[in-house]
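Database features (TrEMBL):
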DOMAIN    7-142  domain 'Aspartate/ornithine carbamoyltransferase carbamoyl-P binding'
BINDING   Ser51, Thr52, Arg53, Thr54, Gln78, Arg102, His129, Pro130, Cys131, Gln132, Cys263, Leu264, Arg291  carbamoyl phosphate binding site
DOMAIN    149-301  domain 'Aspartate/ornithine carbamoyltransferase Asp/Orn-binding'
BINDING   Asn160, Asp223, Ser227, Met228  L-ornithine binding site
Amino acid sequence: MVALTGRDLLGLGDLSSTELLELLSMATLLKSQKLTLHSNKVLGLLFSKASTRTRVSFTVAMYQLGGQVIDLHPNVTQVSRGEPVQDTARVLDRYLDVLAIRTFAQQELVTFAHYAKIPVINALTDLEHPCQILADLLTIREVFSDLTGLTLTYVGDGNNVANSLMLGCALAGMNVRIAFPQGYAPNQDIVEKARAIAGDKTEVMLTHDPVIGAKNAHILYTDVWASMGQESEADNRLPIFQPYQISQDLLSLADPQAIVLHCLPAHRGEEITDEVIEGSQSKVWDQAENRLHAQKALLASILGAS
Ligand code: CP
Ligand code: NVA
């Protein structure tokens, strides 16, 4: 079992390649084996944005490990009334064993982690979505057995999911291509970090051309064109992003065995067609299920289980 005892997961770059691959193996084992936490532990979920998959999969993962969960919606805490992060963090630290946070600014998460001694997990920020990518890589490995040398192409907005995918693919020995419209690039610091991890072994390619991106790819991946917090931009983005839709035509350029992933929730007819998401190459439901297994492995390795 990979030991991440007491560690934070603020971004995917917090893991080494070995740790990432060991977590995936552990997640696979947890599909058929039961692990129990060494002592009763409590996970707090502090989510300032909506969530279906992340909230439920973390909760079920913790229950299946024999732990408990408190859903700390900001509206029912003093967070919504402006209690400073550094105060909230030091107080929650005294009650909880681990805290998963979904918020806007990555800096808020970093501040939480600085003031709370307990492990803090990024459950999505504007910058990264590392838990999602653990499930994505698990899903890809289930289909292709070995991640090494595969090419994943993300088509759409250079958002949190794109950022974490670049890191995850580089750590896993995969090539990653991000095809995005001008002005919607992924985070430049993360591009450089991913390229440093990839070294000369694999490629981190940025392109504005979805056709170049899709050619011979093993995985086509997309996400919403306007993320949470960007709702007011959604209409303006529609015509800009239209050429970046994953359609059957785009999919036909990929490897014949290619799979399609989407972190969900999806907007059919925008970033992905109904035909593709419901088609035989779509693995989105396995991908959503794998959130549970991947996060169970993460919690068990952070909190200790056997
Ligand atoms: N993919 C994902 O994080 O979904 P939720 O927003 O429903 O948690
Ligand atoms: N990029 C999306 C992901 C949702 C799971 C968002 O941040 O809203």
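Backbone N, Cα and C define each Cβ position, glycine as well.
Just so you know, TrEMBL annotations are computer predictions that nobody has curated.
Just so you know, the Cβ of Ser51 (carbamoyl phosphate binding site) picks up 18 other Cβ atoms within 10 Å once every protein chain is counted. Closeness to ligand 1 is met by Ser51, these being the binding-site residues among Ser51, Met228, Arg291 whose Cβ falls under 6 Å from the molecule.
Of the listed binding-site residues, namely Cys131, Met228, Cys263, the sparsest CB environment within 10 A is found at Met228. Secondary structure by DSSP for the domain 'Aspartate/ornithine carbamoyltransferase carbamoyl-P binding' (7-142): 69 helix, 20 strand, 47 coil. Considering only the binding-site residues Asn160, Asp223, Ser227, Met228, Ser51 (carbamoyl phosphate binding site) has Met228 as its nearest partner by CA-CA distance. Taking each of the binding-site residues Gln78, Asn160, Ser227 in turn and counting other Cβ atoms within 10 Å of its Cβ gives the largest count for Asn160. Under 6 Å, Cβ to nearest atom of ligand 2: this is the test, and of the binding-site residues Ser51, Gln78, Arg291 it is passed by none. A 10 Å radius around the C-alpha of Asp223 (L-ornithine binding site) takes in these binding-site residues out of His129, Cys131, Cys263, Arg291, in sequence order: Cys263.
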